[in-house]
Amino acid sequence: MMNHARGVENRSEGGGIDVVLVTGLSGAGRGTAAKVLEDLGWYVADNLPPQLITRMVDFGLAAGSRITQLAVVMDVRSRGFTGDLDSVRNELATRAITPRVVFMEASDDTLVRRYEQNRRSHPLQGEQTLAEGIAAERRMLAPVRATADLIIDTSTLSVGGLRDSIERAFGGDGGATTSVTVESFGFKYGLPMDADMVMDVRFLPNPHWVDELRPLTGQHPAVRDYVLHRPGAAEFLESYHRLLSLVVDGYRREGKRYMTIAIGCTGGKHRSVAIAEALMGLLRSDQQLSVRALHRDLGRE
């Protein structure tokens, strides 16, 4: 297996925009690679016609544009593909930009299996067999592969492994952080639809029944202290934080960069808010996490 996943030097001489062209065999993971680049902050254009690539670059070079990193996914829709790629390279060279080419590939057996699982036909298959379509594409793209800056063989890579390869090459500091949202809510208003994990903290005494705490929220120090000093609260936070650390590590390995943890109480005003804030503080001890708290039902009463 060839997997030249290493840091690839930015060769844009103009300094205005960095361009990556993602190409390779159909079914080898171009789309997944594009999603990873998007997560890393790249502006991604999927299946952009070759004649429009230079226009997109010109837009990125224009004053006021926020596009500094452009990734374009190019697939083999015509037999003039190699010539199209050469034309794009030549046009960009006139703008002092040398695009980096990422070539995605996989073994024939792997590609056949993926196509059969997805029940799709190969773009070059036509009246031929699937294997013949794959072979034709390999021959067509051989010149592109020979000059690619980065070749990634996805035959034995999981989605997480492919993500790691792309991040090592283009992520700068070795990869993006995982964004975690700790969301408090009230069960009487329904479950958050986007939650990855839901925890019920109604086992803790409700400050609603304490007259001086009732009008306050879980963000107030008096309510926070009341909730966090109830029996079992500290033990719960310690245990749940330890559990979440294991889950977050698994999410990272699988390439998932966004996670929502929902913490619920009756109305989403006292207990869930205090626990969510405390949990956010614990999770922020992990420097690879970007953590925020969201209080969905606060002020709803």
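Placed from the backbone N, Cα and C atoms, the Cβ positions cover glycine too.
Copied from Swiss-Prot, the annotated features are:
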BINDING   Gly24, Leu25, Ser26, Gly27, Ala28, Gly29, Arg30, Gly31  ATP binding site
BINDING   Asp75, Val76, Arg77, Ser78  GTP binding site
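When the Cα atoms are compared, Leu25 (ATP binding site) and Asp75 (GTP binding site) turn out to be 8 Å apart. Around Ala28 (ATP binding site), the same-chain residues at least 6 positions away in sequence with a Cβ under 8 Å from its Cβ are Met104, Glu105, Ala106, Leu111, Thr154. For Asp75 (GTP binding site), the number of other Cβ atoms no farther than 10 Å from its own Cβ, over all displayed protein chains, is 17. Cβ-based neighbour count (10 Å, all protein chains) for Gly24 (ATP binding site) stands at 28.
Reduced to three states, the DSSP call for Gly24 (ATP binding site) is strand. Cβ proximity to the ATP site centre (mean Cβ of Gly24, Leu25, Ser26, Gly27, Ala28, Gly29, Arg30, Gly31, cutoff 8 Å) flags the following additional same-chain residues: Asp75, Met104, Glu105, Ala106, Thr154. Gly31 (ATP binding site) counts 16 other C-beta atoms within 10 Å of its own C-beta, drawing on all protein chains shown. Calculated from their C-alpha atoms, the gap between Ser26 (ATP binding site) and Asp75 (GTP binding site) amounts to 7 Å.
Here the CA atom of Asp75 (GTP binding site) lies 9 Å from the CA atom of Arg30 (ATP binding site).
Taking Cα separation as the measure, Asp75 (GTP binding site) is nearest to Gly24 of the binding-site residues Gly24, Gly29, Gly31.
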